[in-house]
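*Asks:* Let me begin by handing over the structure; questions about it come next.
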Amino acid sequence: MAHPTQLGFQDAASPVMEELLHFHDHALMIVLLISTLVLYIIIAMVSTKLTNKYILDSQEIEIVWTILPAVILVLIALPSLRILYLMDEINDPHLTIKAMGHQWYWSYEYTDYENLGFDSYMVPTQDLAPGQFRLLETDHRMVVPMESPVRVLVSAEDVLHSWAVPSLGIKMDAVPGRLNQTAFIASRPGVFYGQCSEICGANHSFMPIVVEAVPLEHFENWSSLMLEDA
């Protein structure tokens, strides 16, 4: 859960998000070193009156400042491609959930069960219970088992939406007539909040996403109760 004045990312709740945080720190350190070097060169060029004719016209320096950026780009690109393939990998999911975007709410269908599905609406401000978050809480949470691969099929009924949960490292466009898929593993129990990340109309800010990760035993009890109510 993000908090006011937060500058960094939310705490990772999935292995993919942990990899993304490591890559962010890796890339940020490279950017910091480059910025420091460029700032030092600018200060040195402005503050000194000395010039060196060998520096102004040097084949060796031109070779270095051509090869060095290429090496830096490779150091950034390789881990980036690795994470890209990890995010696209879906192996033997234990649970498949279809998330459908509507104006302006989400509906979820647990395709491994016969009649397990529900709509998820934002809880109005006047109906919030103590401790619930304004504009983020829903009347029905998407409950998933922790430490289990979960596949999410994402689509939309009317206009473009985007199903995004930052702490799980997920952001997938919901396109009418197209079925996209993504996957995640919740590495710890908790409640993780997200919002539609595609401007979808007047109530775009009022269709939050709440994913609740629970132990497998609790998930089985929850699914049994939902099926009984259905």
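Each residue, glycine too, has its Cβ placed from N, Cα and C.
Bear in mind that the values here come from a model prediction, so they are computed numbers and not experimental data.
When I checked TrEMBL for this same protein, it listed these features:
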DOMAIN    1-91  domain 'Cytochrome oxidase subunit II transmembrane region profile'
DOMAIN    92-225  domain 'Cytochrome oxidase subunit II copper A binding'
TRANSMEM  27-51  transmembrane segment
TRANSMEM  63-85  transmembrane segment
*Asks:* Cβ under 8 Å, sequence separation of at least 6 from the ends of the transmembrane segment (27-51): give me the contacting residues as numbers and ranges.
*Replies:* 72, 75-76
*Asks:* Going by DSSP, how much of the domain 'Cytochrome oxidase subunit II copper A binding' (92-225) is helix, how much is strand and how much is coil, in residues?
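*Replies:* Across the domain 'Cytochrome oxidase subunit II copper A binding' (92-225), DSSP assigns the residues as follows: 19 helix, 62 strand, 53 coil.
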*Asks:* Over the domain 'Cytochrome oxidase subunit II copper A binding' (92-225), what does the predicted model average in pLDDT?
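*Replies:* Here the predicted model's pLDDT, averaged over the domain 'Cytochrome oxidase subunit II copper A binding' (92-225), is 94.
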